[in-house]
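Q: Have a look at this one.
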Amino acid sequence: MLSLSTRTAGVQLRRTFATHASAPAEQAAKATRHNWKRKEIKEIYESPLMDLVFRSASIHRQHHDPSKIQLCTLMNIKTGGCSEDCSYCSQSSRYTTATKASKLLEVDPVIEAARKAKENGSTRFCMGAAWRDLSGRKRGFDRILHMVREVRGMGMEVCTTLGMLSPEQARQLKEAGLTAYNHNLDTSREYYPQVITTRSYDDRLDTIKAVREAGISVCSGGILGLGETDADRIGLIWEISCLPEHPESFPVNALVPIPGTPLEGNERVPHTTLVRTIATARIVLPTTIIRLAAGRNTLSEAEQAMCFMAGANAVFTGEQMLTTPCSPWDEDKALMGRWGLEGMASFEQPNVARKEGERLQKDTSKAPESSETSASL
């Protein structure tokens, strides 16, 4: 916020020029709707692209600092061998791909990777395990709870994606210090059976409900390029908008076709489709962080800039995503430097901080006075 001050007859007058503004909680709550109609979202999605981006950029600046991007690093802690048939995923045991199944990692290499991510500016560390659910995996789950405690103890936000969760498992993750849980809806309810048959749409919604009721931030979005239509992309955003709480994070993935999977021959999703989806999601989910996720490394710098102008404000950065390439830290630091951007601090998003509540206050009080809270690059 820039300001000019003058004094007239002993009275100070102040004019403000908004470059960005963080809306008060009441204003943000008022702007967040849960009664969107598909027709309304369709009208937004199909509006002229320049008008759409201008509108989404304006809404973005009402609820977020446009100079900040959340930097996240994702690590695969258990690769392959999954019993699900997600047609985009190389980790399914049903497909013959270059991805080889491995056991759950031990704690130490995961913590070392989290330290490296933090040193490179990431403030959220995400851990993914290729499982349908945690049934019969008590020892493995205990190890993951240990990982969550250790990463949280480093002052980072910590996220996991472990398949379907029960309410009790969600509660244990929350007690261990989990900040967020990723569980994507992937696409519209109507198109979903064309992509996955081993888990229903309602199964996914049940896990999201368990996570939300445990007080964990929800990370849920979709994948573009599955063979879906614009109506399915609109349907995905509509489904998310109808949740009792909008997710704190909405990842937008562009399919990276992987040889050996049923979708290996799919064409790259057009950049304009990616921008339209991001911009529409920003308008419908005004306080949510929108994460430009898989496929970002295939975009030019100008294409990425357009996505961030449209309202994206988070990326995955580092050595790799789960099984697809990721933009390295050094490249992202250079890119952000050219754009005049910096990384968000841990727990900077108001909705996430609210859910952390007393625990975050205790963590802050324990931190050394000299510790850095900014993730500036």
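A Cβ is built for glycine as well, from the same backbone N, Cα and C atoms used for every other residue.
The domain 'Radical SAM core' annotation in TrEMBL covers 64-296. The [4Fe-4S] cluster binding site annotation in TrEMBL covers Cys82, Cys86, Cys89. Taken from TrEMBL, the feature [2Fe-2S] cluster binding site covers Cys126, Cys159, Cys219, Arg291. Marked as region 'Disordered' by TrEMBL: 347-377. The feature compositional bias 'Basic and acidic residues' is assigned by TrEMBL to 353-366. The compositional bias 'Polar residues' annotation in TrEMBL covers 367-377.
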Q: Got a sec? Which of these binding-site residues, Cys89, Cys219, has the most Cβ atoms within 10 Å?
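A: Compared across Cys89, Cys219, the most Cβ atoms within 10 Å surround Cys219.
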Q: In sequence order, which same-chain residues at least six apart have a C-beta under 8 angstroms from Cys86 ([4Fe-4S] cluster binding site)?
A: Ser92, Asp186, Val195, Ile196, Thr198
Q: Counting Cβ atoms within 10 Å of each candidate's own Cβ, which of the binding-site residues Cys126, Cys159 comes out highest?
A: Cys126
Q: Which chain-mates of Arg291 ([2Fe-2S] cluster binding site) that are at least 6 residues away have a CB under 8 A from its CB, listed by sequence?
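A: Result: Gln70, Cys72, Cys219, Gly221, Ser249, Phe250, Pro251, Val252, Ala312, Ala314, Val315, Phe316.
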Q: By a simple count, how many Cβ atoms lie within 10 Å of the Cβ of Cys82 ([4Fe-4S] cluster binding site), its own Cβ left out?
A: 22
Q: Which chain neighbours of the [4Fe-4S] cluster site, leaving out Cys82, Cys86, Cys89, have a Cβ atom within 8 Å of the mean position of the site's Cβ atoms?
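A: Output for this site, in sequence order: Glu84, Asp85, Tyr88, Ser90, Gln91, Ser92, Ala130.
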Q: Taking the recorded [2Fe-2S] cluster site as Cys126, Cys159, Cys219, Arg291, identify the other residues of that chain whose CB atom sits within 8 Å of the mean position of the site's CB atoms, giving them in sequence order.
A: Cys72, Leu74, Arg124, Thr161, Ala180, Asn182, Ser249, Pro251
Q: What mean pLDDT does the predicted model reach across the domain 'Radical SAM core' (64-296)?
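A: Taking every residue of the domain 'Radical SAM core' (64-296) together, the mean pLDDT is 94.
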Q: Cα of Cys159 ([2Fe-2S] cluster binding site) to Cα of Cys82 ([4Fe-4S] cluster binding site): how many Å, rounded?
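A: On Cα coordinates alone, these residues lie 20 Å apart.
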Q: Taking only the Cα atoms, work out how far Cys126 ([2Fe-2S] cluster binding site) lies from Cys89 ([4Fe-4S] cluster binding site), in Å, as a whole number.
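A: Roughly 18 Å, rounded to the nearest whole number.
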